[in-house]
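Taken verbatim from TrEMBL:
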- B:ALA31, B:GLU52, B:LEU60, B:VAL96, B:TRP372, B:GLY379, B:VAL380, B:ILE381: FAD binding site (BINDING)
- B:GLN167, B:GLY168, B:ASN169, B:VAL170, B:ARG211, B:ARG212, B:GLU223, B:GLY379: NADP(+) binding site (BINDING)
- B:22-178: domain 'FAD/NAD(P)-binding' (DOMAIN)
Amino acid sequence: MALVHKLRGIYKSVLLSSVSQSWSKDIQKVKPNLFVRNTSTSKPSYEKKEVNVTFIRANGEKLLAKGKEGDSLLDIIVNNELDIDGYGACEGTLTCSTCHLILTKEDYDRLPEKPTDEELDMLDLAFDLTDTSRLGCQIIMTKELDGLQVKIPSTIYDARS
Amino acid sequence: MTNSGILLKCLRQLSSQNIIPHICVVGAGPAGFYATQQILKSINNVKVDIIEKLPVPYGLVRFGVAPDHPEVKNVINTFDKIAQDIRVQFLGNINVGRDITLYELKQYYHAVLLTYGASEDKKLMIPGENLKNVISANHFVGWYNGLPNHQNLNIDLNKTDAIILGQGNVAIDIARILLSPIDKLKKTDITSYSLECLSRSKVRRVWLVGRRGPLQASFSIAELRELLKLENCKTYWRSNDFKGIQDIVPNLARPRKRLTELMLKSIEESSFDNRICDKEFHPIFLRGPVEFLGFDSVENVKLSVNELEGDHFLKQIAKSIGEFEEISCGLAFKSIGYKSTQIDPSIPFDLESGRIINSSGKVEKGLYTAGWVATGPIGVILSTMANAFTAGKLLAKEVELMKQMPGYHELQKFLRKKGICIINYEGWKKIDNEECERGKKLGKPREKIVDISEMIEIASN
Ligand SMILES: Cc1cc2nc3c(=O)[nH]c(=O)nc-3n(C[C@H](O)[C@H](O)[C@H](O)COP(=O)(O)OP(=O)(O)OC[C@H]3O[C@@H](n4cnc5c(N)ncnc54)[C@H](O)[C@@H]3O)c2cc1C
Ligand code: FES
């Protein structure tokens, strides 16, 4: 069974404690989202709009997942227990690049937050890097992004390749 | 296929249905865990025993990754889940090659996967290498990270200038540890004895020396950026090293391009950086170590002035032009890479490159390998993971189940007879707990235990 499944339980608590090390401002983006899910801050989670994301493996297989606005794509993969080997090894702290995803040019351009230097630095270590690559832990879902489709790079994640 | 052939195949399938594959993984670092993850995924009913030389797991994630990079160690949460799978056993404190041979392991297991890493360092083979304060990067990293072998490192930090030979990420880690404000390190899981020593360090200038040019630098951009941003530390580049580089930048692939642009930008910024800082970082290129000079302890390092030969920048080699430069320094680190060893004479091993001879992870029938011992000591956890996935999958696909194998049952009998105390995962958890408790008292996440007998005592309680 994929470890991503099992990560789920510990994921929240671990991430909450580990990101407090203040690595860079980008990590902070992840933190509030988790708080929203666990405790509740400004907007109760039931008011948050549900969003759909499709993850497409290199062999074309589609994985459908649901999340809430404010979730990162890494959150959505973990919460939906999607079986993607090795995904999100550093748990969203921008130090591993195992959460690499490939977007279409249009989606890449319309994402509200552009990649920071630190995200691009980690991406530079990823396999199959493209001009529209992003790290899943850094993409935060908004209402506007509902229905987003992203590709999982082939090199390592596709168990059937 | 002949009739008897078909019959044999059916018989095999029939009997193999009742045979549980017993797999042995040697080395509990990232490669061992990630390969295990794939094996568990591919085979439902399986037993995987992960044998580890030390009483504690995780390899270089515990003993290599820098203490001020705790986020990288989050991957331990994944390894922990793998170790807690009921099909997996962690068996620590067993040194394969010394306590048990590969031949013996093969008698107990259907397949063996070697993931024992690369723990030796490459030698420079130049005069003066044995002078005091010429330190191997491997030993220094092991020292601050609490590797039992290296806790008593003989290092004198009462010097102002330190030189690091090599420009990989390990070299950058060392530079950062030497140049970081001590208060930053206090909150990490760095060992207390090294923290104490570093807090009295007089090192204020660190040289980072590369044989080749900026286009061949082997550090990654994230590591360099972090160093350039270090508080109270100023970077001094030699603009001569960058002659002609600007013109090549547009033709580079993205990662190399961004890295080179960062260096060029830093040169520009440093030309009007008027800060007065306590610490200085001096990356220099096109210099090769020739000799360590000094009476008893190192005082100077003699470097050859190099130029590059060859057409493509990635394949260019450094050639000395016959001129030399000396840099005065009371401390020198050799950081030119790790290599692996042949822990058992029956392992097909390439002594030259320091790795096990293999093809996509396969060594021979029933024997596989992954991670740094298979690929050589290059790349980050991500690349080790990809490599281990491939080997783990291959092993799971090919494993032959001709007969029952005793696995752990016989292994533990054998080791008991030899008086070896196996530390299981529960034992490690006790050590882990104790380390966190001790850390709490000191205001840090963990205080590592470095004494093996103490580890064993805690684990056995
Ligand atoms: C100083 C340093 C810093 C690093 N920092 C980073 C970083 O920040 N980010 C990153 O992504 N990567 C980093 N890396 C790279 C990363 O550590 C490696 O990619 C990875 O650890 C290789 O995994 P491995 O399992 O092949 O080897 P190892 O991690 O070395 O594991 C091998 C294991 O085998 C055991 N073993 C050895 N001999 C025997 C024996 N005879 N019998 C039984 N067991 C044995 C060892 O004790 C060890 O536990 C760093 C590497 C170093 C050296
Ligand atoms: S999960 Fe590690 S960088 Fe995104």
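Using N, Cα and C of the backbone, Cβ positions are placed for all residues, glycine too.
These numbers come from a predicted model, not from an experiment.
The most crowded of the binding-site residues listed here (B:LEU60, B:VAL96, B:VAL380, B:ILE381) is B:ILE381, judged by how many other CB atoms sit within 10 Å of its own CB.
For B:GLY168 (NADP(+) binding site), applying a Cβ distance below 8 Å and a minimum sequence separation of six or more within one chain yields B:SER218, B:PHE219, B:SER335, B:GLY337. Counting every protein chain shown, the Cβ of B:GLU223 (NADP(+) binding site) has 20 other Cβ atoms within 10 Å. According to DSSP, B:VAL96 (FAD binding site) is assigned to a strand segment.
Taking 8 Å as the upper bound (exclusive) on CB-CB distance to chain A, the binding-site residues B:GLU52, B:LEU60, B:VAL96, B:VAL380, B:ILE381 give B:VAL380, B:ILE381 in sequence order. Following the DSSP three-state reduction, the secondary structure of B:ARG212 (NADP(+) binding site) is coil.
A 10 Å cutoff on Cβ-Cβ distances gives B:VAL170 (NADP(+) binding site) a total of 26 other Cβ atoms nearby, all chains included. Cα to Cα, B:GLY379 (FAD binding site) and B:ASN169 (NADP(+) binding site) are separated by 10 Å. B:VAL380 (FAD binding site) and B:GLU223 (NADP(+) binding site) are 12 Å apart (CA-CA, integer value). Filtering B:ALA31, B:GLN167, B:GLY168, B:ARG212, B:GLU223 by Cβ distance to ligand 1 (under 6 A) retains the following binding-site residues: B:ALA31. When each of the binding-site residues B:ALA31, B:ASN169, B:ARG211 is scored by how many other Cβ atoms sit within 10 Å of its Cβ, B:ASN169 comes out lowest. Taken over all pairs of the listed NADP(+)-binding residues (B:GLN167, B:GLY168, B:ASN169, B:VAL170, B:ARG211, B:ARG212, B:GLU223, B:GLY379), the Cα spread reaches a maximum of 20 Å, rounded to the nearest whole number. A simple way to gauge crowding: the CB of B:ARG212 (NADP(+) binding site) has 20 other CB atoms within 10 angstroms, across all the protein chains here. In this structure, B:GLY168 (NADP(+) binding site) belongs to neither helix nor strand by DSSP; it is coil. Between B:ILE381 (FAD binding site) and B:GLN167 (NADP(+) binding site), the C-alpha separation comes to 19 Å.
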